[in-house]
Structure formats: structure tokens, C-alpha cells
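Visitor: The structure under discussion is supplied below as C-alpha cells; questions concerning it will follow.
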Amino acid sequence: MSWGTELWDQFENLEKHTQWGIDILEKYIKFVKERTEIELSYAKQLRNLSKKYQPKKNSKEEEEYKYTACKAFLSTLNEMNDYAGQHEVISENMTSQITVELARYVQELKQERKSHFHEGRKAQQHIETCWKQLESSKRRFERDCKEADRAQQYFEKMDADINVTKADVEKARQQAQIRHQMAEDSKADYSSILQKFNHEQREYYYSHIPTIYQKIQEMEERRIVRMGESMKTYAEVDRQVVPIIGKCLDGIVKAAESIDQKNDSQLVIEAYKSGFEPPGDIEFEDYTQPMKRTISENSLSNSRGEGKAELKFGGKSKGKLWPFIKKNKLSLKLGAAPEDFSNLPPEQRRKKLQQKVDELNKDIQKEMDQRDAITKMKDVYLKNPQMGDPASLDHKLTEVSQNIEKLRLEAQKFEAWLAEVEGRLPARSEQARRQSGMYDGQTAPPVNNCAQDRESPDGSYTEEQSQESEVKVLATDFDDEFDDEEPLPAIGTCKALYTFDGQNEGTISVVEGETLYVIEEDKGDGWTRIRRSEEEEGYVPTSYVEVYLDKNAKDS
């Protein structure tokens, strides 16, 4: 099966067919190019979609992503971002492996086709020229034969005419001979050209044309094979990213399976828990009896003096109605929230204070690292003066030290507020918890001086005298409980890293560098109980001391 033998006379049709093949290839290239543009556009839209729903930094929306369902959604957005990346990979690979390669191949194919058909036209022109030469020699031979016949007939006519002179007859005879010679020459020339043409024609149809058409056939078959290979590549490019896309989808499924509804419910509790106790029952007041109301723990009336202080300890006091009464928002509208977050419920206030303490501790550590780096640089300058002037770092070192001191004072302030709201003072210790058992059916509110405890249901504050009475009553009860206990044995020693001014009830003041006894480890609330002497003991922040526990105490 060869185009050279089967299609020897279809030069124009082969030319049209091969051009059609190139057009098909260019159409396929255009198809792949548009597919890559679609993939890029799709990837871009997916990325924009993922970015659109990403939580904004330092916003309330970012806080919502602590819930497992929101975390799963965030994982889905990230996986979709990776998913979009795979479509970009498809576009890039199709462009480099198909579009660019085929475009280069089409240019080469056009040049090759042009060369082959130029060669075919050249062969056609040559055989046409040979044919024209043959036709020309044939016509000349025919003309010369006719001329020779006419000359012979003229000679015979002149020879038969008795009136014609002998010279005219001789002239006619010579002219007839010349014409006969010319006819013979034309015959010989025609025969030679005919043999040459037949040879050229055999070469054309059995050698030149088959060779050229065979090359065109091979070119066309290579084009078909190349197009098939490109289609395979087209499928392979898609198939290569399928495992990664599968991993992206597996990641989405895994994120969905990681959703924990119980954990989210617990986070809701932590986010919105106020720390208040539910309000107690309201006693029935019988107005048919004489208007003599007894002072009781469950009464909503508020007498002055001892009754007021006693009522403060009632688990069913008026303060317990706070969660259900709309508070006065005037103070929040007029200005920013208080520095100690006293406008928040106890539990939310504790979280905010703890967050602030953690931030300050991070800032302190950062400044201390900077101080250490400057100190090391100063030592290098001292050892190698050519590298820099050590004195030039003194100002920076002083500035950093001042910043550390400011941050420590700030941290102390917030730790004190945190101690109040968490009950880290002795009221939170085991003794106080045992004391709380005496108030059966009652719940004593946390004892501190924050604005929240002084706030009444309508948003105003109660009298300071009532607050002082409350503190005194609880402190007296606690002191009685504390004095009855035998002193705890020392379980180690500690060294004060910083000076702490223990102004709150149950704390103890320490001076930087002072060594004291440890009688109770940090229970996770950030406070360590220490003793200076038999009569002097209390709590200090754990971060302010370096503890050295006895080996026996650790083993036990």
C-alpha cells in the first residue's frame, strides 16, 4: 500500500489532504490551549473562593475557628486551595507537553510538506517540458514531411512541363531534395526526443513520483501518530494529578470526620460561661399576715447592718439574679472597657486576664532575649574593638532593661487581678474549700475587690461598707480555719527571682535574691505557697521564684 503507486495521478488531492491534516492538528492545538485557559481560570476561581472564606486575621471571625466544625471548614478551604493548584499543574503540563511541542511540530511539518510538494511540482514541470519538446519536434517533423511532399510534387510538375526551362527544373529538383533532407533530419530528431521523453516519463511515474509520494505518506502518518501521542499525553496529564486530588478529597473527608460535637459544646461553655450561680428560690411572702419580715438568707429584702453582710453570703441573694436582668450598658457606651475587665462576668474576666498575662510574659521573654543578644554583642565588641564600640550598646541595653521592668510591673498588676478573680488567694486553697462545706445549700461568691462583685443588677454599685463587711466576715472565718491547722512541713526551698509586693490577703512579700521554704507546690493555678518563718507564710506567683524541691519530696 503506497501512495506513489496507488495515487500516482492524485497530486492535487494529496496536496489538499495533507493541508487538511495540518488544519486538524492546529485545531487540536487550539482545543488544548483553550482547555489550559479553562483550567487556569477554574484554579483562579477556586483560589479566590478559598481566600474569600478564609478568616480575617485579628478579627472576631478568627476566634470562631476554635470549633472543630470551623476547623474542618478551614481544612476544606486549604484543601481546595491545593486542589486548585493541581488544576494549575494540569494547565502548565498541557501547555509545555502538548501545546508548545505540537506548535513547534506543526511548523516543521509545514516546512517538510512544502519541500515535498515543491519537489513534486518540479518533477511535474520537468515532464511537462519534455512533453512540450516532444510535441514541438513532432510538429516540426510533420511540417517538414508536408513541405517535402509539396516540393516533390512541384518538381514532378515542372519536369513534366515542356515549356519550363531546364534550369527551373533543376532548381525544383534541388529544392525537393533539400526538403526531403530536412524531413529526414526532423524524423531523426523526433525519434530521439521521443525516446528521451519515454525514458523521462518512466522515471517520473515509476521513480520520482513514488519516492515523493512515499515521503508525503510517511509525513502524514507521522502527523497522525504524533496527534495520537498528544491525546495520550492529554489523558496522562490528567491522570498524574488524580492521586493528589484524591489526597485533597481524603483530607476533606478526614477533616469532616474530626468534627467533635461534644468538644464544640464544651467550647461554647468556656466561651460564654459567666461563673455566676443560678438564682435561688424566692420565698412566698404572705401579705395576709402582719408585715413583719424576718431576715433570712432567702429574702430579697436587704436590711442594713449585720443583715446586709450576712445576706452577702446567701447563695440565693439578689446578686444571683444578675444573669437574668439587663445590665446598665451606659458605662460601656461612654468609653472603653476597664483595664481589669471588671465589666465582664467572672469566668470571662478570668480568661481575658489570663490571656493578657500570657501576652505580657511573651513580651518579657522577647525583651530578655533581645537583652541577651545585645549583651553577647557587647562582649564581642569588647574582645574585638575593631568590630564596633561597646559603649554604643549601653543606651539600647538600658532601654531594653527599662522595658523589661515596665512589662514585669504590668504583668504583676494583671496577675494580681487574675489571682482575685480565680480565687488564688487562700480562699481558693483546701482550707477554704473545706470551709465552704459549712454553708450547706449556699454558694459564697468569689471574694475580691473587682467592680463586678460590687455591681448590682441595675448596673450600679453597692455601698463600700457592705463590701468591707463581706471581706471581713470571710477573712475572719478563714483565719479561724487557718489557725486551727498545724503548720505544713517544708518540701524544699526557693529563691526569689524578682521582688514581689504581696499586698493581697494570703500573699507574702519577697525580695529579689531571698531564700525561703516551699511548703506547697504550684497546683496548676500559678501560685506557690512559701514560708519565711513559723509565723510568716503565704502565696507568691510561681514565675517569681525558682523552686528546689527535696529529693524525698519528689519521690513521694
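Glycine is treated like the rest: Cβ placed from N, Cα and C.
From TrEMBL, for reference:
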type   : residues : note
DOMAIN : 1-264    : domain 'F-BAR'
DOMAIN : 343-420  : domain 'REM-1'
COILED : 350-377  : coiled coil
REGION : 428-470  : region 'Disordered'
DOMAIN : 489-550  : domain 'SH3'
Visitor: Below 8 angstroms Cβ to Cβ, which residues of this chain, lying six or more residues outside the coiled coil (350-377), approach it?
Guide: 270, 275, 340-341, 344, 388, 393, 396-397, 400-401, 403-404, 407-408, 410-411, 414-415, 417-418, 421-422, 543
Visitor: Report the DSSP secondary-structure composition of the domain 'SH3' (489-550) as helix, strand and coil residue counts.
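Guide: Residue counts for the domain 'SH3' (489-550) by secondary structure: 3 helix, 29 strand, 30 coil.
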Visitor: Limited to the domain 'SH3' (489-550), I'd like the whole-number average of pLDDT.
Guide: 87
